[in-house]
Amino acid sequence: MIVTETIIRFENVTKQFDNDPPVLDNVSFEIEKGKFYTLLGPSGCGKTTILRLIAGFLEASKGQIYLGDKVINQIPANKRPVNTVFQDYALFPHLNVYENVAFGLRIKKLKKEAIDEKVKEALRFVNLKGYEKREISEMSGGQRQRVAIARAIVNEPEVILLDEPLSALDLKLRTEMQYELRDLQKRLGITFIFVTHDQEEALAMSDEIFVLNKGEIQQSGTPIDIYDEPINKFVADFIGESNIVNGKMIQDFEVEFVERRFECVDQGFRPNEVVEVVIRPEDLEITSAEKGQLQVTVDWMLFRGVHYEVGCIDIDGNEWLVHTTRKVRVGDKIGLAFEPEAIHVMRLGETEEEFDKRLDSYDEVQ
């Protein structure tokens, strides 16, 4: 049996500025020790506000924030065992690499020998051994990122907060840093809480993801759970690309959409309940028109390197997006085939608690 330890807990936390609508609205969640978490959502969803509340840069309007079993609402930022890596890294340009990393230790008045040992160990962890005397202005974006992380881990915090730290990097370097951050977190065993609006980053790096929108957590879970079983239209559309159509759940394992009935793997709905149906683009296979479960016309096509992105329209005007390695032409009449497992049925207005309970019932039946 795996024993987990909760390191951070939000209980009914609200954050409101003046008389504006709440930036966070009655949010509750738990963060387990030693995992990589991502707060994912569009601009203004509240993800950075959560980070600042944990760091102590903001104070909650309502609710309690716990570190372990201790309420930390009134504890100042410099007294919390938390370090933040900012989007712009916030390095001191007049200090070299060594002094940037040593800065927090000097504030704590550690002995010179202890500082030297800790700084060199932190730089070794981020693969910057030998860069101690390098000026910040001489460092690349990726190297500055590593310096900022070394400065965070040198204080041996219980939690490291990362506020969109990869957003300023080019695509290749950003991908490399994703692997490095994930590897570093595993080696350190420290809880990482990472903020991003980039879905691919979240899916690639996280043990768990919190998807936020308009100050509320829409869904939390592993990357696979959230991608394969989105709770609502927002999550389905925000995490990856989706085909979403209105439908009706006829009975367990049978759903109707585009005026046809299909076998599915979903259950626990009321007979003839109005639902939304999701099929991912990579789960649609292009066939001849007569063999397809859906008959569509190719409207446009883009080459994306590893696959073609094909936009199609069915006879009712519904748009379908397909990811395929098969080349087609605009105007072609084709069929789209898919397995029952490719169909995901979403209940309108379902809460995360209700959603989890319904998924658990699937396991009980199996």
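Note: Cβ is positioned from N, Cα and C throughout, glycine not excepted.
Taken from Swiss-Prot, the feature domain 'ABC transporter' covers 8-239, and the record attributes it to sequence analysis.
The annotation ATP binding site is assigned in Swiss-Prot to Gly41, Pro42, Ser43, Gly44, Cys45, Gly46, Lys47, Thr48 on the grounds of sequence analysis. Around the Cβ of Gly46 (ATP binding site), 22 further Cβ atoms fall within 10 Å across all displayed protein chains.
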| Extra residues within 8 Å (Cβ to Cβ centroid of Gly41, Pro42, Ser43, Gly44, Cys45, Gly46, Lys47, Thr48), ATP | Thr49, His197, Leu212, Asn213
| said: I'd like to know which of the binding-site residues Ser43, Thr48 has the most other Cβ atoms within 10 Å of its Cβ. | reply: Thr48
| Lowest local Cβ density (other Cβ within 10 Å) among binding-site residues: Gly41, Gly44 | Gly44
| task | Return the residues near Pro42 (ATP binding site), defined as same-chain residues 6+ apart in sequence whose C-beta is under 8 angstroms from its C-beta, sorted by sequence, else 'none'. | result | His197, Asn213, Phe238
